[in-house]
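> So TrEMBL lists the following for this protein:
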type     : residues  : note
TRANSMEM : B:20-40   : transmembrane segment
DOMAIN   : B:20-459  : domain 'DUF112'
TRANSMEM : B:80-102  : transmembrane segment
TRANSMEM : B:114-137 : transmembrane segment
TRANSMEM : B:152-168 : transmembrane segment
TRANSMEM : B:175-192 : transmembrane segment
TRANSMEM : B:222-241 : transmembrane segment
TRANSMEM : B:342-363 : transmembrane segment
TRANSMEM : B:375-402 : transmembrane segment
TRANSMEM : B:409-428 : transmembrane segment
TRANSMEM : B:434-464 : transmembrane segment
TRANSMEM : B:485-507 : transmembrane segment
Amino acid sequence: MSLTKRTFAGLAAAAVMAFGMGQTATAGSHAFEPSKPIDFVIMAGKGGGADKMARLMQSIIEQEGLSSRPVVPTNKPGGSGAEALVHLNSATDPDHTIMVTLNSFFTTPLRQPGLGVDIMTFAPIGRMAEDTFLLWVHKDEGITSFDQFVEEAKSRGSGWVMGGTGKNSEDNIITDHLNATFGLDIKYIPYKGGGEVAKQLAGQQITSSVNNPSEALGFYESGDVIPLVAFTDERLALFPDVPTLKETGNDFSYFMQRAVVGAPGMSDEALGYYNNLFQQVFETDAWQEYRTKKALLGAKIEGDELRAYWETQRNRHEGILKASGAIN
Amino acid sequence: MDVLFSLGQGILVALEPLNLGLAILGVVVGLFVGAMPGLGSVNGVAILLPFTFVIQQMTGSATSPMIFLAAIYYGAMYGGAISSITLGIPGASTAVATTFDGRPMALQGRADRALVTAAVASFVGGTIANILFTAFAPPLAFVALKFGDPEIFALMLLAFATFVGLGGDDIPKTIFSICFGLVLATVGFDIISGEPRLLFFEVQGENLIPGLNAVNWFSRGIQFLVLAIGVYGIGEMIWTINSSRDGVKMSEVNVSFSRIMASIRNFPEAWKGTTIGSLLGFFVGILPAAGATPGSLMSYGVAKMTSRNPQEYGKGAVDGVAAPEAANNSASTGAMLPMMTLGIPGSPTTAVLLAGMVIWGLQPGPALFAEQPDFVWPLIGSFYISNVVALLVNLAFIPLFLWMLRMPFTILAPLIFVLSLVGVYAAYQNIYDVWLMVIIGFAAFFLRMLDYPLAPAVLAIVLGPIAEPKLRQSLLFSDGSFDIFFTRPIAAPITIIALILLFLPLLKLIRDKLRGS
């Protein structure tokens with residue numbers, strides 16, 4: 001299969017150049033060049049924010065001919081990212097194994113020390129963005145403000161159902177925060193991915209979600225769901241009329257890291273190659289447009305700066321999980 | 001009228017020389033990708049996605065590349081049946097159910113009939129699905145949304161019931177087989193709690209079985225194709241070797257134009273399986289999370305259950321080939337529906353197609369039909385065209401496929417063995433899965449010696465991972481009460497029918513006992 005992939009990737013690259021529209025790969029100046037297809041692990045299921053983003057990055061790499069070898073995305077959604085983390089941890093060829101991460105990158109190793117995963121050993125390739133969270137409800141609920149939401153959710157008790165993406169996931173953390181801060185008793189139900197959550201809300205199987213904009217946008221544009229509050233520091237350009245939770249007087253914001261990491265044991269040369277590769281992806285028009293359209297925030301960081309960010313995030317999540325009783 | 005006009009225009013665009021050429025190329029590529037064990041439509045579209053960027057830059061529109069990918073998807077659905085019938089190894093997960101009766105037909109010298117039935121049933125299934133898609137896409141998307149967790153679980157229960165409640169097979173052994181498949185399906189990480197299950201390494205990283213690196217073996221779970229190819233590739237091969245120890249049995253093959261024409265003329269005999277497959281396949285296809293594989297397995301079960309001669313199933317029933325083949329084509333069109341109207345892929349292949357649409361600058365979702373008619377209608381038009389092209393190409397290649405059957409088993413057996421190994425490796429790129437497949441193959445042989453039916457285990461490993469989270473999500477909703485399956489308007493009737501089917505054999509048994517005494 002790799003031969004066919006290579007042939008077609010080569011064919012595509014050749015054709016792109018022939019039409020004079022392609023950009024030749026600029027990675028030639030680096031010592032490391034991939035010698036086989038790159039295993040691109042997605043630590044979430046199909047159709048969610050991480051999946052869409054990973055496949056977009058792969059498409060950009062293919063379209064612009066940035067890599068001489070194809071990047072092959074594989075979904076490993078099992079166990080809130082545990083499956084993916086273990087896969088990277090035991091990768092036989094770390095120089096050709098990379099992964100796009102969510103915040104389960106921080107929480108899952110904390111909750112499951114038995115996995116033997118230390119995230120500080122992963123190679124810091126690049127943080128492509130910080131994704132944002134909003135609170136969504138179906139339009140037929142007739143709720144238009146966050147205050148109304150609190151009132152309604154309070155009166156319905158555990159009849160109010162929040163769909164999310166796994167136990168102790170980002171969505172669960174936000175739900176716990178809402179429950180604890182506003183005295184609510186929202187029931188949390190985990191699904192395979194943000195895409196499925198969006199669908200459950202659109203079909204009114206659940207009463208609310210805390211989807212990323214990229215996941216809820218389709219149903220937002222069709223008018224099925226409405227955002228009530230953003231869990232960001234400032235209002236999002238895409239939703240200028242939606243207040244932040246901070247504006248309501250509650251000092252809480254929460255973001256999702258959208259980063260690419262390399263398997264533990266990746267060589268410095270390979271890390272340099274991928275740093276450069278994803279910097280190029282970041283600079284493309286297609287990526288910048290996606291950032292704007294999907295309300296992504298956060299600067300591009302890599303290397304030690306990214307490791308320092310992981311350290312902060314890990315400590316923050318450790319605090320959150322301890323507070324919710326998920327870990328001791 | 002509006003719809004017909006748009007569709008007509010769409011078909012005209014799809015018939016433009018470039019688009020037609022791409023449809024033909026896509027179908028041929030798909031046919032071979034589908035026929036190769038281990039490679040399915042998802043591999044085909046993923047490999048060729050980069051190629052479509054070139055097409056897009058040439059034409060400046062997203063329509064032509066999408067037509068190409070959709071044609072591969074279609075072609076692969078036709079192609080999967082070919083190795084299922086001629087070699088007995090499922091060409092793709094969607095064609096597993098086709099081996100149940102397709103392979104016996106080939107062994108009886110009716111391979112041509114099986115291949116023609118598969119091709120024509122695929123065509124009918126695809127066409128019926130296209131018509132449903134064209135006419136009812138927006139309302140059907142709404143129905144798909146109304147299918148919540150309890151409804152999907154009830155549907156899965158019904159699927160299991162169709163396999164248990166069938167006469168003929170030994171019921172306790174069938175149930176054992178289902179449970180065996182379900183246990184295999186739970187290996188790996190639990191989707192809901194994230195806990196590892198049956199991994200043998202949960203004790204703080206220490207291996208429970210010394211010397212076995214369980215992380216490599218089981219952390220990915222037991223993949224469906226590992227079981228399916230193990231059972232139908234390796235297990236079947238050993239079985240044939242064992243049963244033909246004195247003299248090698250060869251299947252007789254006669255290829256002639258008149259025989260193929262006769263098979264086409266006799267196709268209407270399989271109308272029932274085709275109808276069930278077309279409708280059920282489409283419906284299962286539009287439910288996100290399901291896709292063509294459960295669709296084809298369920299159609300096979302329902303076709304067998306409603307048949308007047310269920311005892312013929314598994315021994316070469318024409319309907320047993322027609323139902324899953326009509327269903328997998330129909331389901332693949334169905335799976336396009338949530339992808340295009342809701343932006344949610346209904347199958348792995350549509351997830352790749354979705355990625356393609358995003359990079360071409362389209363926003364699949366509820367607004368796509370209204371905002372991008374120039375993209376949507378030619379694409380739907382191309383579904384119709386690709387379907388006709390796939391039928392013609394497939395029929396034209398049938399003599400070639402039959403030629404494979406002429407190989408003596410002494411050559412065929414090693415070929416099946418190699419294809420099984422390569423197929424599993426190609427699908428998951430993990431050598432442990434290949435070993436597991438071989439072990440399962442031997443286990444399957446012994447189970448078959450003891451008269452255990454294995455199709456239910458295959459069904460269980462496909463449906464288990466869908467049914468289990470749905471059951472648990474439903475119970476989370478209801479705080480652990482099973483009432484939720486009996487009080488919701490759609491879930492209740494499905495659950496009750498499923499339970500009746502499950503207990504039917506037991507009631508029959510009691511009745512027979514009473515009469516006997």
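Each residue, glycine too, has its Cβ placed from N, Cα and C.
Nobody curates TrEMBL annotations by hand; they come from automatic prediction.
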> Determine whether the transmembrane segment (B:175-192) and the transmembrane segment (B:222-241) share at least three Cβ pairs under 8 Å, counting only pairs 6 or more apart in sequence.
yes
> The transmembrane segment (B:222-241): which same-chain residues, six or more beyond its ends, come within Cβ distance under 8 Å?
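Residues 37-38, 88-90, 93, 96, 99, 103, 181, 184-185, 187-188, 249, 293, 409, 413, 416-417, 419-420, 423-424, 427-428, 433, 436-445, 448, 454, 457-458, 461-462 contact the transmembrane segment (B:222-241) from elsewhere in the chain.
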> Based on Cβ pairs under 8 Å, which of the stretches B:20-40, B:80-102, B:114-137, B:342-363 lies most in contact with the transmembrane segment (B:434-464)?
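Comparing B:20-40, B:80-102, B:114-137, B:342-363 against the transmembrane segment (B:434-464), the winner is B:80-102.
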> Mean pLDDT for the domain 'DUF112' (B:20-459), as a whole number?
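A mean pLDDT of 82 is what the model gives the domain 'DUF112' (B:20-459).
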> Can we call the transmembrane segment (B:20-40) and the transmembrane segment (B:114-137) in contact, meaning three or more C-beta pairs below 8 angstroms at a sequence separation of 6+?
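Result for the transmembrane segment (B:20-40) with the transmembrane segment (B:114-137) is no.
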> What else in the chain is close to the transmembrane segment (B:114-137), if you only count residues 6 or more beyond its ends and a Cβ gap under 8 Å?
3, 7, 74, 77-78, 81-82, 85-86, 98, 101-102, 105-106, 260, 263-264, 267, 270, 273-274, 277-279, 281-282, 285, 318, 321-323, 325-334, 336-337, 340-341, 369, 380, 383-384, 387-388, 390-391, 394-395, 398, 401-402
